[in-house]
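Student: Here it is, the structure in full.
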Amino acid sequence: MLRLKSLKKPVQAVVRRFATTSAPTLSVGDNIHGFNVLRTKEIPEFDLQATLLEHSTGAQHLHIARDDSNNVFSIGFKTNPPDRTGVPHILEHTTLCGSEKYQVRDPFFKMLNRSLANFMNAMTAQDYTFYPFATTNATDMKNLRDVYLDATLKPLLRELDFSQEGWRLENEDSKDKTSPIILKGVVFNEMKGQMSNAAYAFYIRYLEKIYPSLNNSGGDPLVIPELTYEGLKKFHADHYNPSNAKTFSYGDISVADHLEALNAKFENCEISKTPGNTERLPLEFSSAAENTRIVEEGPIDTLLDTSKQHKMSMSWLMGSPKDIYESFCVKIISSLLIDGHSSPLHQKLIDSGLGSSYSPNTGLDSAPGANIFSVGLQGVTESDLTKVETVILDTIKTTVAEGFDKGRIDGLLHQTELARKDQNAKFGMALMNGVLPGWFNQVDPLEALEWNSVLDRFNKDMEADPEFLQKVMKKYLLDNKYFHFQMNPNPDYEKNVQEKEDEILTDKLAKLTESDKEEIFETGANLEKMQEEPENLDCLPTLHVSDIPRSKPRVALEHTKNPYPIQWRLAPTNGLTYFHSISSLEGLPHEYYPFLPLFTSSLTFLGTKDKTMGQLEDEIKLNTGGLDFSVSCSSSPLSLPSSQLNFAMDGVALDKNVETMFGLFQELLRNTDFTNVEKLKTMIAASTANLSNALAQSGHSFAMLRAASDISPVKKIDDILGGVAQVRFLSELAAKSEQQLVDEVIPKLQEIAKFALTREQRFAVTCGQDMQTKNDELVRKFAESFETNESPFNISSLSIPMTTPTSTLFKLPFQVNYAGIAIPGVPYTHADGAPLQVLANMLTHKHLHREIREKGGAYGGGASYNPTDGFFSYYSYRDPNLERTLQTCQEAGEWSVKKDWSSSDLQEAKLSLFQRIDAPISVKSEGMALYANGLTYEQREKRRRQLLDVAVDDVKRVAKQYLVNPSGYSVAALGPGYETMDKKKWTVLE
């Protein structure tokens, strides 16, 4: 899995109040299992004890002791990419294809359903690669740790695995040696999909230019075919050894247990000095005589205005991540400059309409070796590019001169306080993600964990010098040169890339002898034979269904009426109150549905009649952890046709600020200025750009939803609210003039607002026992304020026109396809739901993964069954062989009926399902299954027992009943499609 820090911001570390574990205390200088203790540190603000150790081989280990049963482990290596062949990325894939101890094909995917881990993955970052997992089961921890260590340190690295995961030449039809020879490979196709994403293309080209010493770790599809098998093995030998390793553990399992396992592996490894694996630094442009300027070409987005597809950014060096305090200060500056409606750059760049949204690299990036602050815009016209640059510089100069409002600084610090108090069930993973990037680049991991001392120093500096932040800004942003990066849209970009790929293929084919072609055909046959061979998986460790408890404890909930229905979850919350409200939108005419996402976004974007959104946002940040509005459609657990369209409000605040939170909700709900057409147009442009980018990142999700929308009223509404239908709707709105928005859109939003305020609400509150009485009074007052409003519509039942199921292709300028197929299932309480859920998992792991990914070359593919929506789905992700995939899925039901399923197959599917079912959740999520979805404890317990009791005969029966002879079958795909598509069977939408 490719992981890009700047496109996927790391999870903000948040804290659940635990005591530190009672593990034996280690002292500096102690030696345990070959590891010397370098440093230890208590971090009382996070209730943890951190220990940094070093093995005799040079490997470092960071252990975070905390009384948390959700233990985390990771092994990682510094992997500076030597070129753009994607060797770190391909190696990440290939190491997981078998090891000395576990000589089976793809033990990583095999362990996905032999474990109860709530997280398992492998990720390639810009300059390091890591393999993390999390589990609450001690035996599971031991099993997975051994598999991960053996996979990374002792992989088989077979040439056929390299061909499958990296790239290869192969006959298009692997059974016909006369068929054309083409380029294939999982990573090759994954990166073709990535490069089709305009946001990714901008970011990666920017990164290559500002970090010329740091190549594209994911790989450029036009360069990937230059990587050799020998090059892969050498990169592993040079980089995947203990002297270059950093391991991490977190939780209540003893550090000695981890160190003993690591020592046993490290002692049997050859130690080699890793060449050229030092910290990589960006261009030293800050002291150059002139600002550095780079212009590149990139893909266009056909869903956006073709005249507004320029992207640009300006970047400044802002010190080293090794200076923890300085880095904290520049993070504060970055947030104050760009985050939210009250930030000066948001007002000048986005509110002004100069662009649709920030450029993909906007923000502070502290990896790999420098703090780089970037700000820019996308959705810019060519004529405005120079103006954008001038506006950015002038805004920074003005801010340095005038400073930031103290209320904004206080609001930002208040958000950090709330983040620390918020109870997160995946704190260990968040901690790991926060520490690793710096640790791999010589940032002290123990210093990086400190919080109170950094915050205390910042408060003292601000008190001593109110212009402290202005001086830091002047030092880095005014007194230094910047790096200017620009990407111009080229309508022929995808065509040119394809032509270059064709040239690479033609050049390779021209050098082939008849003997080479015969060898290519034989290699393809051997690869397919390897993929088909049954395996003995007895060497792999596994948990058992007996390790899954048949019952889960009931969460203590209270239900009261005051006279409004409230669900209470009374538990320790670190002084926070979590508030939820749901009201039915039944009776809203269906022609208003596409406007609902705009309505909810407007509430936190447009501002009110008396206050700008910037002013309101400052109040929200200073008094709450955020206010959120959303709409969703859900099915009844008892009957799929029974559905509910809901408007929801969610908020969190310190107990002392709950009344203020309700006041802010009132302000937004009653007084939002929907006539603010300039802000509305800006919001539509930003929403369109964001959803368009999501298509290229998660196209399979959009395809699955679109397919389901043809056979389910609930999914039809979901597609209108957040699927392809919403993308197309927003694209149409983005092309409208301000006057058209005034005439056609604003009245709809005003009517929805009036309607939403008439609906009866039900509430859920999670808080401490001592706050129940006070919160009960506040909720009652809040609810009473809505009673006098009348609906502008005649109330009717929820209904929406349906279309005939079909096969739909949304033709998009991608290099690969995304596909979704939907088949009706049953309601949550139906007895067949459990075997359908098990069947989907078995099909994915025992058939579709092999057929779609290993053979077909797609990055991913499988089946899923959503128990609450009652839909069976097939999907593929970044798929070069759409036609083959659709045929495979169509035949999957028959394959399931004929398959001789084993008891092991059944057990593995159940283990895999319960990874998610039994994953730890935060206190704020407890009771939400009942509140949001209407699922009672008794219904969920019955479903649990049904899943555990599913037999092979049940799986075969539902496969025949629902998949072989489905009552409905709908297909949707996003991408270029395939050459032999029957236009009579497909509806093609541009």
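Numbers run from 1 along the shown chain.
Positions of Cβ are set from backbone N, Cα and C atoms, glycine also.
Pulled the feature table from Swiss-Prot, pasting it below:
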- 1-25: transit peptide (TRANSIT)
- His89, His93, Glu190: Zn(2+) binding site (BINDING)
- Glu92: active site, proton acceptor (ACT_SITE)
- Glu165: active site (ACT_SITE)
Student: By a 10 A CB contact count over all chains shown, which of the binding-site residues listed here is most packed: His89, His93?
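Tutor: The residue with the most neighbouring Cβ atoms within 10 Å is His89.
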Student: Residues with Cβ closer than 8 Å to the Cβ of Glu165 (active site), same chain and 6+ apart in sequence?
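Tutor: Once residues fewer than 6 apart are set aside, Glu165 (active site) is near Ile90, His93, Thr94, Cys97, Gly185, Val186, Val187.
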Student: Would you kindly give the Cα-Cα distance separating the residue listed as 'active site, proton acceptor' and Glu190 (Zn(2+) binding site), rounded to the nearest Å?
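Tutor: About 14 Å separates the two Cα atoms.
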Student: Using a 10 Å cut-off, grab the number of neighbouring Cβ atoms around the Cβ of Glu92 (active site, proton acceptor), all chains included.
Tutor: 26
